[in-house]
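So the structure is just underneath, and the comments pick up after that.
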Amino acid sequence: MSNSLVIRYAQWIIRMRWLVVALTLATLVLAGLGFKNFDFKSDYRIFFSEENPELVAFDEMQDTYSKADNVMFVIRPKQGSVFTNQTLASIEWLTEEAWQTPLSTRVDSITNFQYTYAEDDDLIVENLVLSPDDLTAEELQKIGDIATSEPLLLNRLISQDRQTTAVNVTVQMPDDPQTMKEKTAVMKVAGFARDLAQQLREKDPNLEVRITGMVMMNVSFPEATQNDLMSLLPLMGFVVVPIFMWFMVRTVSGVFASLLLNAFSIVAAWGIFFWLGGYLTGPAMSTPIVILTMGVADAVHILVTFLQQLRRGDSKEQAMVESLRINMQPVFLTSLTTVIGFLSMNASDVPPLHDFGNIIAIGVTLAFVFSVTFLPAIMMILPVKVSAKEPKAYHWMDNLGDWVINKRRILLPSVALLSVGAMAFIPNNQLNDEFVKYFSEEVPFRADTDFTSEHLTGIYNIFVAVKTGESNGVSDPAYLKTLERFVDTAKTWPEVRHVESITHIMKRLNKNMHGDDPSWNRLPEQKDLAAQYLLLYEMSLPQGLDLTNQINLDKSAARVGLTLYNLSSNELLDLEVRVREWFATNAPQYNIDAASSNLMFAHIGERNIKSSLGGTAIALILISGILMVALRSVKLGVLSLIPNLLPATIAFGLWGLLVANVGMGLSVVFGMTLGIVVDDTVHFLSKYLRARREKGLSPEDAVRYAFQTVGMALTVTTIVLVAGFYIMTLSTFTMNSEMGMMTAMTIAIALIVDFLLLPPLLIKLEEKQHAKETHNSRLADNTAA
C-alpha cells in the first residue's frame, strides 16, 4: 500500500471517527450474537478425528464388548483393613447405590463379585460377600483370602495388602452428535458420583474415598480450563497488560483504548467462531489470553509512534496520520505472518489444536482491523496527555544500538556458536505423553488417579480382542490354551499390573465342577464341556454382571484386558508391538485387535508431530515469500530466515537439555511461533530499510535508527508476549502450560537474536554494497567538480 493511499485512508478514519466507532460496536454486537451457539465438548475423543485409525478400532471394540467409560470409587480405610464388618457393609451399600448412577450398565466390587463353588452336584454362583454385618472373624478372613487369591480381583478391585479396594461403575455414554447433550450426561454422572462419595464419607468417616475413571477425566477438561479462564485472564487483562502498556505509552487513554481493542477482539473472535459452528475445547479455552497478548503488539507500535510525533509538536491528527503511514505495512505484515503461523496448526492431527489456531487467527485478524480503524478513531475522541520528554528507557536503545554495532565482530560468531551449542541438545527430546498428566497435581482427577495407581491399580490399559473366526470358538481348548499362554506371558512383563481373561473363569469353573478339587484348577480339555460350563455360568449370573465385557455375542472372540502401570507414549507403543509380535509368533492362526484410549493418545502424539512439520514447512514458505515481496529484497528475505528459524530451534534445544519430554502441545509450537517471531524481524527490518532508502543512512546508522525508533516497542511487546504466554504455564491443563512455557522461551530468544545477531548480519551483508555506493558517490562528486 503506497504512502499516499495510507495517508488518505488515515485522514478518512480521523474525519469519520464517530462513524468508525459506531461501526466497530455494531460489528461487535453482530459477532457477539454467535454466543447463542456456545457449546463445550468435554469428551477425550475430541482429540481425535473421525478417521483416526486408533479411534475407529477403539469404537469397534466398544461396540462389540462393554463400554470402557467408567467411574471408579477407590476406598481405603484410615484404620484397619478392608475386610472388617463395617468396611464391607459400607462397600456393599456403595455397590447398591452405584446402580443408581445415571447411564450405569454395570457395577463391580468385591462384595458383588460372582463367587462360584460346588455344593454336592450343584454349581453355586453368588455374591462373595453376604450380610457383612453378621460375618464372623473366620468368615472375614476366608473372604479376604478368596479375594486376594482371585486373579480377576487382585490388583484390580483389591490390593495385595488388603488396605485398598474399589467399586467400578461402567456407564453407557450417549452416542449423540449434540455435544451439549453429551456434556450434560458427563456432568450428571460426575455430579452423582461426587455426591455419592460424599455420602459415603459421612456414613463411614473411617473411609478415605477417591474418584477416578474416564468419566471423571472427561469432566476435568472443562473444569480445569474454565478455572484457568476465570483466574488467568483477569491476571493478564487487569494486571500484566495495563502495567506494561502504561510503561510504554504513559497515557491513560492509550492504555484504556488498547484494552478495549483487545476485549473487542476476544469477544468478536469467539462469536465468529461460534457462528461458524465451532465449539470450545480444553486448548481453545486459553485463546483469550493469547489474543490479548498478541493484540497488544499492534496497539503498542501505533501508539508509540503517535506519542513520539506528539512530542515533536504534531497535532493529534498529524501524529496519527504519520503513525499509520509508518506502521501500516509492518503491522499488516506481522499480523499476516502471525495468522499464517496459527493457521498452520490445521495440519495437526489433533482437532482441538485446529480450533486453538483458528480462533487465534480470527482474533489476530480482528486485532489488526481494530488497530487501524477503532484505535485511531477512539484516540481522536479521547483526551491525550503526553509529557514533553521521552521516557529515559528510550535512551537505553541508543546505547544498546551503539554497543551492538561496536561489538558486531564478536557478537556474530558468539551468538552463532551458542545457537549451534543449544541446538545440539534437540535429539534429547523424546515423545512422552501421559494423558493423566495432562492435568496438574492440584486437579482432583489427577490427585485421585495418582492415589489409585499408588495403592491399588492402574488406569492405563490395553484391550486385546483375539478372534477365532468361528461361532462358539472361545470354547475350543486350543484357543483357551493360547489365551492362557498369552496371559501367563503378559503377567511377566514389567509394565503389566493386572490381566483380565475368560481363562480365569474357565479354570475356576472346571475346578468347581470337579468338587472344588484344586488339582482341577485348569482349563477344560473338551470343547463341548467348556461350552456347557460357560452356558451354566452365564445362566446363573444376575442381570448387569454378564460376560459381555469379555466375550462377544456369538462367542467367536474374547477380549483380554491388560491393566498397566503409568507408561509414557513410547513405552505404550513398545508394549503394543510386543503384544502383536507375540501373537504373530505363537498364534498366527488368530486375528487380533488391540485398542484403548491410552493407545489412541500414544499414537496421536507421533502422528501429530509428523503432520505438524508439514504445516510448518508450508507456513515457512509462505512467510518467506511474503517478506521477500514486502521488503522488495530477495536477499533480505532469505536473510530473515535466520532470525525467524533460530529461536524455535534454540528453544527446543534448551528444552532437550532441561526437560527432554515432548508432549502433544509442544508439537505445534514451531509453526505457531514462526508467525510470532517474524514480527520483531519485520519491524526491525522495515525501520532499517526506511533509514537506508528514505534517509540514505549507512548500514551502521540505519541499525541505530532501527534501535531508536522501534527498539523499545519491540522490547515491551516481547515482555508482554512472554508474560502472557508465561501466565499460561500457571494453567492446570498441562498441554496449555507446556505450550505457554515453550512459546515464551521462543519469543524471548527471538528478541535476543533480533538485537544481537540480525544487526551484525545486516551490516556484514551490506557493508560492501555501501562502500561501493560511497565510492560511486565520490566519483560522481569529483566528476561534477
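Yeah, the Cβs are placed from backbone N, Cα and C, and that goes for glycine too.
Remember, TrEMBL labels are computer predictions, not curated facts.
What TrEMBL lists as domain 'SSD' is 256-381 (among others). With helix defined as DSSP H, G or I and strand as E or B, the domain 'SSD' (256-381) counts 110 helix, 1 strand, 15 coil.
Per TrEMBL, domain 'SSD' is recorded for 637-764 (among others).
Summarising the annotation, TrEMBL assigns transmembrane segment to 229-249 (among others). Residues 255, 258-259, 262-263, 285-286, 288-289, 292-293, 296, 299-300, 303-304, 307, 391, 393, 712-713, 716, 719-720, 723-724, 727-728, 730-731 of the same chain sit 6 or more residues outside the transmembrane segment (229-249) yet have a Cβ under 8 Å from a Cβ within it.
Marked as transmembrane segment by TrEMBL: 256-277 (among others).
Here the transmembrane segment (289-307) has Cβ contacts under 8 Å with residues 232-233, 236-237, 241, 244-245, 248-251, 254, 257-258, 261-262, 265-266, 269, 319-320, 322-324, 326-327, 330-331, 334-335, 338, 359-360, 363-364, 367-368, 371-372, 375-376, 379, 384, 386, 676, 679, 683, 709-710, 712-713, 716-717, 720-721, 723-725, 727-728 of the same chain, all six or more residues outside its ends. Summarising the annotation, TrEMBL assigns transmembrane segment to 289-307 (among others).
Per TrEMBL, transmembrane segment is recorded for 328-347 (among others). Sequence-distant neighbours of the transmembrane segment (328-347) (same chain, 6+ residues past either end, Cβ-Cβ under 8 Å): 1, 6, 9, 294, 297-298, 301-302, 353-354, 356-358, 360-361, 364-365, 367-368, 371-372, 611-612, 614-616, 618-619, 622-623, 626-627, 630, 668, 671-676, 678-679, 682-683, 686.
Sequence annotations record features per position, and here TrEMBL assigns transmembrane segment to 359-382 (among others).
Note on the transmembrane segment (410-427): residues 404, 646, 649-650, 652-654, 656-657, 753, 756-757, 760-761, 764 of its chain, located 6 or more positions outside it, place their CB under 8 angstroms from a CB of the stretch. The feature transmembrane segment is assigned by TrEMBL to 410-427 (among others).
Positions annotated as transmembrane segment by TrEMBL: 613-631 (among others).
Cβ atoms under 8 Å from those of the transmembrane segment (638-658) belong to residues 419, 421-429, 620, 623-624, 627-628, 631, 666, 669-670, 673-674, 677-678, 680-681, 685, 742, 745-747, 749-750, 753-754, 757-758, 761-762, 765 of the same chain, restricted to positions at least 6 beyond its ends. Per TrEMBL, the feature transmembrane segment maps to 638-658 (among others).
Feature annotation from TrEMBL assigns transmembrane segment to 664-685 (among others).
According to TrEMBL, the feature transmembrane segment maps to 705-727 (among others). Below 8 angstroms of C-beta separation, residues 232, 235-236, 240-241, 244-245, 247-248, 289-290, 292-294, 296-297, 300-301, 304-305, 308, 393-394, 396-398, 400-401, 404, 676, 679-680, 683-685, 687-688, 690-691, 695, 697, 739-741, 743-744, 747-748, 750-751, 754-755, 759 of the same chain, each at least six residues beyond the ends of the transmembrane segment (705-727), sit close to that stretch.
Within the same chain, residues 283, 286, 400-401, 404-405, 408-409, 411-412, 415-416, 419, 639, 642-643, 646-648, 650-652, 654-655, 665-666, 668-669, 672-673, 676-677, 680-681, 684-685, 688, 699-700, 702-703, 706-707, 711, 714-715, 718, 721-722, 725-729, 731 sit at least 6 positions outside the transmembrane segment (739-763) and bring their C-beta atoms closer than 8 Å to a C-beta of that stretch. Taken from TrEMBL, the feature transmembrane segment applies to 739-763 (among others).
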Cβ contacts under 8 Å made by the transmembrane segment (664-685) with residues that lie 6+ beyond its boundaries: 47, 283, 294, 297, 301, 330, 333-334, 337-342, 344-345, 347-348, 350, 353, 357, 433, 601, 604-605, 608-609, 612-613, 615-616, 619-620, 623, 627, 630-631, 636, 640, 643-645, 647-648, 651-652, 655, 706, 710, 713-714, 717-718, 721, 734-736, 738-739, 742-743, 746-747, 750-751, 754, 758
